[in-house]
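Here's the structure, in structure tokens; my notes come after.
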Amino acid sequence: MTRPWTVGLTGGIGSGKSAVAERFAARGAAVVDTDLIAHALTAPDGAAMPALRAAFGDGPIAADGSLDRAAMRALVFADPAARARLEGILHPLIRSESARQCAAARTPYVMLVVPLLVESGDWRTRCDRLCVVDCPEALQIARVQARSGLAEPQVRAIMAAQASRAERLAAADDVIDNAGPLETLDAQVDALHGRYLGLARR
Ligand SMILES: CC(C)(COP(=O)(O)OP(=O)(O)OC[C@H]1O[C@@H](n2cnc3c(N)ncnc32)[C@H](O)[C@@H]1O)[C@@H](O)C(=O)NCCC(=O)NCCS
Ligand SMILES: Nc1ncnc2c1ncn2[C@@H]1O[C@H](COP(=O)(O)OP(=O)(O)OP(=O)(O)O)[C@@H](O)[C@H]1O
């Protein structure tokens, strides 16, 4: 499948990927968000639900037939084998749907948002450039807690399943610093958007 010039956007949980992606979208980039794709796959009639029910039974399935996200979160971030089983079902579906959305984009470049870009699969080979959203771990935890009410140990268990801040920064071509207020993102996104338009045209 041919694809447009693509920037991979990643960062740890709560680092600010969505906040950054919406600013690139406002400037005209197509955004393909793998978290949104994962949510659609696990909605009541989602394409992954039959396989998830077969693999996990009815325990993590909600009454409406969608994935019970809190139940699955509690299961997989306490049990690496269960997480591998979940990812084995979802990741191939996420990969094919995201490739389809990237190929369908009609913008100068695509921003492909993948929380596990550094950790898993062939994501890096699908991106021409890697942009990391970065903030200190204490801020990630505080922001996730403020958003979701998760207890700190739960947030830490999710972070333990992800690459470290240093690993992500080592892989980055570009880094967006999200340690300050949200307004500080705009000038950084402006500068990178200009650079990406130039690189995509070459
Ligand atoms: C475990 C699930 C049900 C929990 O749902 P929940 O609504 O709490 O989280 P949501 O899907 O909105 O993801 C929020 C964040 O959690 C982190 N996260 C999600 N899945 C994983 C994972 N497998 N490993 C590490 N971190 C993860 C990411 O930072 C992500 O941005 C859900 O995260 C899931 O289905 N994960 C498996 C799919 C996956 O790997 N998605 C990442 C995109 S490739
Ligand atoms: N600079 C900031 N100042 C204050 N709050 C912020 C800032 N950046 C993001 N947030 C808030 O922190 C939370 C996490 O941000 P966001 O959803 O953009 O991160 P994410 O990396 O997409 O998260 P996830 O990995 O969970 O999908 C959100 O509630 C968001 O509004």
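One is the number of the first residue shown, and numbering goes on along the chain from there.
Just so it is clear, glycine is given a Cβ too, placed from its N, Cα and C backbone atoms.
According to TrEMBL, the ATP binding site annotation covers GLY14, SER15, GLY16, LYS17, SER18, ALA19.
Annotated features taken from TrEMBL, shown on the structure.
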residue : record           : CB count, 10 Å
GLY14   : ATP binding site : 25
SER15   : ATP binding site : 27
GLY16   : ATP binding site : 22
LYS17   : ATP binding site : 24
SER18   : ATP binding site : 17
ALA19   : ATP binding site : 15
### Task
Using DSSP with the three-state reduction, classify SER15 (ATP binding site) as helix, strand or coil.
coil
### Query
For the recorded ATP site formed by GLY14, SER15, GLY16, LYS17, SER18, ALA19, which further same-chain residues have Cβ atoms within 8 Å of the site's Cβ center?
GLY11, VAL20, VAL133, ARG143, ASN178
